[in-house]
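Asks: Got a structure for you, questions after.
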Amino acid sequence: MYPLARRILFALDAEKAHHFTLDALYTVYKLGLIPVTDNRTKPVKLMGMDLPNPVGLAAGLDKNGEYIDALGALGFGFIEIGTVTPKPQPGNPQPRLFRVPEHQGIINRMGFNNHGIDTMIRNIEKSKFSGVLGINIGKNAVTPIENAADDYLICLEKAYAHASYITVNISSPNTKNLRALQGGDELSALLEALKNKQAQLASVYGKYVPLAVKIAPDLDEAQIEDIAHVVKSVEMDGIIATNTTIDKSSLGSHPLAGEQGGLSGLPVHEKSNRVLKLLADHIDGKLPIIGVGGIMEGGDAADKIRLGATAVQVYSGLIYKGPALVKECLKALAR
């Protein structure tokens with residue numbers, strides 16, 4: 001069924017197809033046509049949370065929390081929405097989303113297009129979803145990088161009461177200078193500020209919401225070791241490896257190889273797994289890792305668990321394989 005739907009969707013502009021697919025999924029959900037399935041197939045504990053299974057949805061598919069209920073019916077163990085910023089912003093000019101089917105890849109330079117944290121919170125409040133919900137937070141494009149912490153703190157404070165966990169996105173290649181926050185003093189200062197705010201909010205709300213940080217696949221071992229040291233020293237709750245890559249050499253002479261933006265899907269598979277393994281070695285079990293990047297079949301999810309991830313997330317694989325990828329991953333992890 002999905003291969004036919006994919007042929008139709010791939011005939012459309014990539015961003016239009018994205019919205020059409022989510023709207024169609026929501027309609028099918030509202031009509032009660034998505035079969036109810038038990039997603040408690042492989043329970044696992046992650047950052048103190050009990051997941052029904054370790055296969056999650058990565059941020060980026062539902063930026064504003066508009067489709068939480070429908071996505072929650074697909075069997076995921078957890079869902080991550082966003083990236084969201086304090087204020088609404090349009091993102092980068094279109095076209096900004098490109099499929100590379102010959103390589104099972106996707107290039108995006110969306111630029112954190114979203115309706116803002118206040119709108120997202122209203123959408124969450126209208127949702128009936130009772131599962132594990134992550135909120136991925138970022139900074140507005142107009143905010144100077146030296147003031148980035150202010151944006152993250154605003155989002156953290158507003159999202160805290162509504163999230164199961166919160167992800168600090170400092171690794172998108174589509175917001176100017178954002179990746180500079182991944183290193184040295186900048187990383188320490190940002191994460192320490194967020195951990196201090198987390199402690200205050202835990203006292204206010206009487207609940208502890210874990211904080212994870214999402215990193216890039218384009219890091220060398222020294223940078224990975226530095227990040228591992230910082231996240232352990234500030235006692236982050238988790239780390240997500242990885243975001244999209246800016247390296248498009250795997251596309252060879254493909255016409256889209258020169259497009260700006262982050263590359264995801266199969267082309268990021270090896271780079272993401274390399275970072276995951278090095279990170280796991282340097283983290284030494286001190287905090288859990290969520291593996292994401294290039295999961296196109298069940299065996300890819302199993303590989304990430306074997307390399308040190310506690311849980312995994314999918315996104316681009318869904319575009320190429322459809323919702324059946326979730327069950328395929330769960331089946332592979334059950335072996």
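Count begins at 1; order follows the chain as displayed.
Here the Cβ of each residue, glycine as well, is placed from N, Cα and C on the backbone.
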Asks: In Swiss-Prot, Ala59, Gly60, Leu61, Asp62, Lys63, Thr83, Asn136, Asn169, Thr242, Gly265, Gly294, Tyr315, Ser316 are given as binding FMN, so which of Lys42, Lys195, Lys214 is in that site too?
Replies: Lys214
Asks: If I take the Cα of Gly265 (FMN binding site) as reference, which of the recorded positions Arg109, Gly111, Ser172, Asn243 has the closest Cα?
Replies: Asn243
Asks: Does anything in the same chain, at least 6 positions from Asn243 (substrate binding site), have a Cβ under 8 Å from its Cβ, and if so what?
Replies: Asn169, Ser171, Ser172, Pro173, Lys214, Ile215, Ala216, Pro217, Gly262, Gly293
Asks: Measuring Cα to Cα, how many angstrom lie between Leu61 (FMN binding site) and Gly111 (substrate binding site)?
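Replies: Distance between the two Cα atoms comes out at 14 Å.
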Asks: Can you tell me how spread out the substrate site is, meaning the largest CA to CA distance among Lys63, Asn108, Arg109, Met110, Gly111, Phe112, Asn169, Asn174, Asn243, Thr244, in Å?
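Replies: Taking every pair among Lys63, Asn108, Arg109, Met110, Gly111, Phe112, Asn169, Asn174, Asn243, Thr244, the longest Cα gap is 16 Å.
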Asks: From the centroid of the CB atoms of Lys63, Asn108, Arg109, Met110, Gly111, Phe112, Asn169, Asn174, Asn243, Thr244, the recorded substrate site, which same-chain residues not already listed sit within 8 A by their CB, in sequence order?
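Replies: Nearby residues not in the site list: Gly60, Thr83, Gly91, Ser172, Pro173, Thr175, Gly261, Gly262.
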Asks: Among the binding-site residues listed here (Ala59, Leu61), identify the one with the smallest other-Cβ count within 10 Å.
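Replies: Selected from the binding-site residues Ala59, Leu61 on minimum Cβ neighbours within 10 Å: Leu61.
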Asks: In Å, rounded, how far does the Cα of Tyr315 (FMN binding site) sit from the Cα of Gly111 (substrate binding site)?
Replies: 17
